[in-house]
2 protein chains.
Amino acid sequence: MKAEEFLALVQGKQDSAANRGMSLEEELNESNAYYVSHDIASVHKKPTPVQIVKVDYPSRSAAVIREAYFRQPSTTDYNGVFEGRYLDFEAKETRNKTALPLGNFHEHQINHMCLVVKQRGIAFAIVRFTVHDETYVLDASHIIHFWKESIRGGRKSIPYAYIKEHGHLIPVGYRPRLDYLSVVKQYYFS
Amino acid sequence: MKAEEFLALVQGKQDSAANRGMSLEEELNESNAYYVSHDIASVHKKPTPVQIVKVDYPSRSAAVIREAYFRQPSTTDYNGVFEGRYLDFEAKETRNKTALPLGNFHEHQINHMCLVVKQRGIAFAIVRFTVHDETYVLDASHIIHFWKESIRGGRKSIPYAYIKEHGHLIPVGYRPRLDYLSVVKQYYFS
């Protein structure tokens, strides 16, 4: 992997190998900006956590970070509020045709999802199968279930067929491009 | 300001001049860790946003950021979920005896608070007057009100006396040290 590709990856621009149009993260950022600007919801991606070690500061406005390291996030990447409800989700894109590998999640993210559910927030993943060009909202309960099974020696991925059955396909639109809140509203609000 | 002090400040450790025991941010981090570990709430500080420009990467695990810049946050610093409600707040510490300067807030933070309120989230600031050794929960409506007045030529700060009257003093405890959720529960849940 080249330096630019690595940088793009950690900054969430796009997986260079999945480089077919916009990445899931770019579409989510665009959709979230649309929701915010139209007062529909307040959902934001959290910044990439970095441990800052050394800063050059000719003046505060021009401070340059000269040494810093990536830290593992302790939560999911996105959260916010939508019509009185707390939303919390992780976005995962895979080029795998048949399953979403669980290696895409960290244990503390699973623990975080469990706590959000306990606190009556809405927790889910937005999962994109790039090969199928399909993006799903998958409730956290399914991810937690497969995660627990994998710890007990079960499979280390969630089958595509399972997600197709238990997830909710997000229709592709124009504005916003990825209107996941319409799906959230349909399935979580009653 | 020395390099170490600047670094401590941007990383939110503590204002070196206000260095009397724990900083507000440290106490909040400790309290939030307590809430999370006891399943009481899921509230986290967002990472400091940085624009990464250059990364050295002998291997992914050892990637070193060699050039990056601080970006202005587009939201408040803390958010999460507590008993089904979305919480969103900013923490401000001042050594000023008589008022909280509004320069402590940015316009997009005010806009963010407005949207959170519209979406029926709970938005507030946690304000510490270090000289008085008092910390208050102050509802976003007051901050938005004073902000709008200041744009119309009004005062550029919120008086201490006003916050004492309209805010809610957080009692100091042991575990958690700053139990702001007890105050939130008392005043926002009915």
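Just so it is clear, glycine is given a Cβ too, placed from its N, Cα and C backbone atoms.
Going by TrEMBL, these are the annotated features:
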BINDING   B:Thr75, B:Asp77, B:Glu90, B:Gln109  Mg(2+) binding site
SITE      B:Lys92  site 'Transition state stabilizer'
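Shown here: features listed in TrEMBL, placed on the structure.
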residue: B:Thr75; record: Mg(2+) binding site; DSSP class: coil
residue: B:Glu90; record: Mg(2+) binding site; DSSP class: strand
residue: B:Gln109; record: Mg(2+) binding site; DSSP class: helix
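Listed recorded positions: B:Thr75, B:Glu90, B:Lys92, B:Gln109. Those with a CB under 8 Å from a CB in chain A, in sequence order: B:Thr75. All chains included, 20 other C-beta atoms sit within 10 angstroms of the C-beta of B:Asp77 (Mg(2+) binding site).
Report note: the Mg(2+) site is defined by B:Thr75, B:Asp77, B:Glu90, B:Gln109, and the residues of the same chain whose CB lies within 8 Å of the CB centroid of those residues, excluding them, are B:Lys46, B:Pro73, B:Thr76, B:Tyr78, B:Asp88, B:Phe89, B:His112, B:Met113. In this view, B:Lys92 (site 'Transition state stabilizer') is surrounded by 20 other Cβ atoms within 10 Å of its Cβ, with every protein chain counted.
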